[in-house]
Amino acid sequence: MAPQLLLCLILTFLWSLPEAESNVFLKSKVANRFLQRTKRANSLVEEFKSGNIERECIEERCSKEEAREVFEDDEKTETFWNVYVDGDQCSSNPCHYRGICKDGIGSYTCTCLSGYEGKNCERVLYKSCRVDNGNCWHFCKSVQNDIQCSCAEGYLLGEDGHSCVAGGNFSCGRNIKTRNKREASLPDFVQSHNATLLKKSDNPSPDIRIVNGMDCKLGECPWQAALVDDKKGVFCGGTILSPIYVLTAAHCINETETISVVVGEIDRSRAETGPLLSVDKVYVHKKFVPPKKSQEFYEKFDLVSYDYDIAIIQMKTPIQFSENVVPACLPTADFANQVLMKQDFGIVSGFGGIFERGPNSKTLKVLKVPYVDRHTCMLSSNFPITPTMFCAGYDTLPQDACQGDSGGPHITAYRDTHFITGIVSWGEGCARKGRYGIYTKLSKFIPWIKRIMRQKLPSTESSTGRL
């Protein structure tokens, strides 16, 4: 019986082999349900490590939340995600005129520089000198629908068509000396606690002044000239325009019989003062009416007094330029009116009185004074402010020019170049509350100045003329 049972079991086994073989491999549809690739689980160490962008989002597809865990910063996550999803839309640099591109999902955004607009910053909003000076470093001129930049004498127009590059070591308007961080910078001049305010006078002073300024460092005011005579020493200031021309106030010319010029000095008390430079000729504006120094003048102070207060001194021999002796740049009238005089501050300097009716300073003083709008200027003065004048100074701070500073420079800096914008002319006392310094408005006289500077080289004879 046993052999028969064994045979039966063998036959049953052999009969079942084909069915078993057919079930060893599952159909693909069924197999895929079991053989799907699952995301690799982080190990315990990985869970405590900071995110890794290569592991999370490059080796494997990640979600925005996972990317956020890596960067731990919303802005960085957004920047990465916009590129990760559909590539960098900014790779082709679609933004014109140096616009800044920001990638998005299926799009991008251009942030345009001032003066441009459009999806790609392709539209130019301005080609006008009245908007940011046309982006010109010095002078701007409107030409049809475009602008044209040019530079002050001694400068070359840069390859970008906007910047100005100094053509020499002593190009105009460049001061070599700058204040370090431990020194007060010109914009940070503050009120002196021991300011002396003397008895006020109702008379205008033709000899304006610098009160509570700071010592001008060597090379910081290189365009400063001082007018001196044999008896009074420094009696007025001036501005170097070129090797042979110095700008000053017309009323300074009548102060003395003899005039010499000193340049490059900051301390008159030192024994080794600079040489006295001889004057060849003086040009006084023909419309200037010298004030009568009498009580009758001070009571009336008629309209023409101190109007056209400008003169040019021609030297016998050229001024030698150096790091401490450099001319100020002469602006165009439009540039002075539309750009320079719309700045916050101008810079005045001189050897004038340290307080009202006080002695002149032995050291060159410098002060930054804010421009004052014309309406406020006219309301503040007891005397006429003509179109050839402008105001600058402080309403309440005791800082101003003073006696002996007349004829000196009012300078305005623009893009690190210093331009002459005015001449110290007159004022009602020194640093009085509610009173400002009055300056000759240089933009009114650019053609007159250029006409004189086109004159021939100095002759050997001295003379005084009116033009």
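All residue numbers here begin at 1 and follow the chain in the order shown.
Just so you know, glycine gets a Cβ as well, placed from its N, Cα and C.
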From the set GLU66, GLU122, GLU159, GLU265, Swiss-Prot tags as 4-carboxyglutamate just GLU66
Quick one: which of CYS136, CYS140, CYS164 does Swiss-Prot link to CYS151 by a disulfide? CYS164
Scan GLU47, GLU75, GLU117, GLU255 for the residue that Swiss-Prot records as 4-carboxyglutamate. GLU47
Consult Swiss-Prot and report which candidate among CYS90, CYS110 shares a disulfide bond with CYS95. CYS110
Quick one: which of GLU59, GLU272, GLU323, GLU356 has 4-carboxyglutamate in Swiss-Prot? GLU59
For the candidates ASN169, ASN254, I need the one that Swiss-Prot annotates as N-linked glycosylation site. ASN254
Where among the disulfide-bonded residues CYS90, CYS136, CYS151 do you find the Cβ with the fewest other Cβ atoms within 10 Å? CYS90
Using Cα coordinates, what distance in whole Å links CYS236 (disulfide bond) and GLU75 (site 'Not modified')? 61
Tell me the residue counts in helix, strand and coil for the domain 'EGF-like 2' (129-164), as DSSP assigns them. 4 helix, 14 strand, 18 coil
For CYS252 (disulfide bond), the one of CYS110, CYS129, CYS377 that lies nearest, given that the disulfide-bonded residues are compared by Cα: CYS377
CYS95 (disulfide bond): which of the recorded positions CYS57, GLU69, GLU75, CYS101, CYS112, CYS121 have a C-alpha within 10 angstroms of it? CYS101, CYS112, CYS121
